[in-house]
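Undergrad: This is the structure I want to talk about, given as structure tokens.
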Amino acid sequence: MSLPDPARDDLAEARRILTLCMVCNYCNGVCDMFRMTHQLKKETVAGTPSDHAQPLGDGQLIWLAHLCHDCRTCGSVCQYAPPHPFAVTVPRTLARLRQQSWRDRPWIAWSVVVLVPLLTLLLVPWNILFARHLAPGAFYAVLPWSALCAVAGVPLLWSVLSLWRDLRRFWRASGGGTPSLTALLTAGKTLITLRPLRGTGLACANGTARRRSHHLLVSGFLLCFAATVIATLYHHLLGWQAPYPLDSLPVVLGSTGGVAMIAGSSGMLWYRPLPDPAVDPPAAGLTLPVLLFAIAATGLALLLWRETAAMGILLAVHMGCVAGFFATLGQGKFAHAPYRAAAVLRAALERHNGP
């Protein structure tokens, strides 16, 4: 997996620190990242005639960085943390490596969020934009179906393709191979339960609250996705046009998912780890939960006021939030989810294939 030249120093520092961790082994029971580091040590020692572990490769370092769930517990218990001369800072170092895989660029997302309603104000006649539309297909009287598809579909397709390309590189760099069914099931259970946030031996900071917030957010997101899929089937297969009745399946799923997303994103904002000034910008980690909160809130607002003159501009604002999310899906904070899923799958594969 190729990385820009500035990442060389981060890789060298990660290699130095994790080599010390492999020797010390004090944190072996803290989390999966340290357990896998210890397993890599056993594998390299077993295969080396000199009985000395070989340095960790670049792909292994990046994999371990994404396997870390950023609870930062190890930083508070490490006996070699600053001001010790060894200056072991595992959370900070792995965070720097993760940032080489994706970069949080909030200005892209928020530019799109503003641009869509602004263009709507400029291009849609105001006597249409601010009129009450009550008939079936009311949304499309303001923004045609083709425009809605373009606003959401183009950035989504671009982000998915770029993320797929980067994940393939990540998988090959971490060792490649085809995961077994057992590894897939093990990784799936770990990801669904978010077991790493429970810690082992030492509880993760706010681990239970972060885990519940993640579950609420992901569940809400999936419900909203299901509502969108069903609405698409209604439109193309049955000829039923939005907006749909309050007791219809798309509205029930979407409104339930929206409430769950608001609760989950609020919890993630409240319980997020404090930013490290040496790694994180002041607003680190804020873009994704705030944007998901905005998507859910504007969607619920559109549901409440869809029969008023505010429907048109609310639709534009909601679509702007959706397009802003899609535009940064492959390069922003959201990318941590598929990277972490791949890292967890790699760990499950290594456990089943390891010594």
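Glycine residues also receive a Cβ, built from the backbone N, Cα and C atoms like all the rest.
Per TrEMBL, the feature transmembrane segment maps to 107-126, 138-164, 216-237, 249-271, 283-305, 311-330.
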Undergrad: When each of 107-126, 216-237, 249-271, 283-305, 311-330 is checked against the transmembrane segment (138-164) for Cβ pairs under 8 Å, which one has the most?
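TA: It is 311-330 that shares the most Cβ pairs under 8 Å with the transmembrane segment (138-164).
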Undergrad: Counting Cβ pairs under 8 Å that are 6 or more apart in sequence, does the total for the transmembrane segment (107-126) and the transmembrane segment (249-271) reach three or more?
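TA: Taking Cβ pairs at least 6 residues apart, the transmembrane segment (249-271) and the transmembrane segment (107-126) are not in contact, as fewer than 3 fall under 8 Å.
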